[in-house]
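J.: Quick one: the structure is below, questions incoming.
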Amino acid sequence: MFMNGSSLNSSALDPSEQALQRPPWVTTTLGCFLIFTIVVDILGNLLVIFSVYRNKKLQNAGNIFVVSLAVADLVVAIYPYPLVLTSIFHRGWNLGYMHCQISGFLMGVSVIGSIFNITGIAINCYCYICHSLKYDKLYSDKNSVCYVLLIWALTVLAIVPNLFVGSLQYDPRVYSCTFEQSASSAYTIAVVFFHFILPIMIVTYCYLRIWVLVIQVRRRVKNDNRPKITPHDVRNFVTMFVVFVLFAVCWAPLNFIGLAVAISPERVVPLIPEWLFVASYFMAYFNSCLNAIVYGVLNQNFRREYKRIVVSVCTARIFFGESSNEAQERLKSKPSPLMTNNNQVKVDSV
């Protein structure tokens, strides 16, 4: 899901040779942008993980994928992004060949892990709404953990070959070690299709089916014995749909540039301005800090737990027991299979 870079190996690590002549304000802007992304990424995704850990309402099958997605976003903020930041301010890569390989590998793990987890979330939503009578069996705790492990196994499997074919290279235009794919058009097309276009198609299908069912249920006039989809359910699915849309918007420019270059490199490469290539990369980087913000804005239970965690940190009580009122409130609500849904939907597929 990354585009072509320039050559880097163990004997070609001179930062002065890699540096691009850019005005100081450009590197400063990119550096500040990345610092903001790193800080929000780490704090936001830690809030997501701790929220699910602390709040019984959030401990359900659907949120296993949410936590897995948060881990995928954390991976890049902890290691690759700080190395990119170092490269920006040193105007070149001076961290050695091995760090370049590890950084590129972890970036790939993060982005492919993200799209696979988003696909898993969409399938979970689809089963919960459109096949809810089978949902409990499909998404038992054991099965859900197995699905997440499968996602990460497929993610690593998709990335490992790059370590052996020498495709992890440093690109001075974006100060990053990434995947050099210009050498093989077929490989680039395959990567974009299987790691972006195909998952996007699957997720789109799942959400279209969900919204068709939601519209049908809300238009019913006569009372029947079939349970309704609650407003909480709709809000929760909107939350996950927004997460998907933001990912697609942030990553689409980079992937389509890569696809165009792979199809006709001689014609397309001269037509792509450097600023567009750089902007598409940093826009993709920015996506890793957005999900936690979306949960806080659109999901009431996440928002409340965020506040409790912040207050707990400020009062040094984060790992102490919760208040009796909070405990009683949580005992009244039975956790549901997705996000914060408190009412199980039992509507069969339409």
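Backbone N, Cα and C atoms are what each Cβ position is placed from, and that goes for glycine too.
Per Swiss-Prot, the feature disulfide bond maps to Cys100-Cys177. The N-linked glycosylation site annotation in Swiss-Prot covers Asn4, Asn9. According to Swiss-Prot, the feature topological domain 'Extracellular' maps to 1-29, 85-101, 166-187, 262-267, an assignment based on sequence analysis. Taken from Swiss-Prot, the feature topological domain 'Cytoplasmic' applies to 51-63, 123-144, 209-240, 289-350. For 30-50, 64-84, 102-122, 145-165, 188-208, 241-261, 268-288, the entry in Swiss-Prot reads transmembrane segment.
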J.: Within the topological domain 'Cytoplasmic' (51-63) only, compute the mean pLDDT.
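T.: The average pLDDT of the model in the topological domain 'Cytoplasmic' (51-63) works out to 92.
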J.: Under DSSP, is Cys177 (disulfide bond) helix, strand or coil?
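T.: Strand, per DSSP.
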J.: Check for me, if you would, whether the transmembrane segment (241-261) reaches the transmembrane segment (102-122) - at least 3 Cβ pairs under 8 Å, residues 6 or more apart in sequence.
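T.: Taking Cβ pairs at least 6 residues apart, the transmembrane segment (102-122) and the transmembrane segment (241-261) are in contact, with 3 or more under 8 Å.
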J.: Per residue, counting other C-beta atoms within 10 angstroms of the C-beta, which of the disulfide-bonded residues Cys100, Cys177 reaches the highest number?
T.: Cys177
J.: Test the contact criterion for the transmembrane segment (188-208) and the transmembrane segment (102-122): 3 or more CB pairs under 8 Å, pairs 6 or more apart in sequence, then answer yes or no.
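T.: Per Cβ check, the transmembrane segment (188-208) touches the transmembrane segment (102-122).
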J.: Looking only at the recorded stretches 30-50, 102-122, 268-288, which one has the largest tally of CB-CB distances under 8 Å to the transmembrane segment (64-84)?
T.: 102-122
J.: Sort out the residues at least 6 away from either end of the transmembrane segment (268-288), same chain, that have Cβ-Cβ distances under 8 Å to it, and list them.
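T.: Residues 3, 30, 33-34, 37, 41, 73, 76-77, 81, 84, 110-111, 114, 173-174, 176, 246-247, 250-251, 253-254, 257, 260-261 contact the transmembrane segment (268-288) from elsewhere in the chain.
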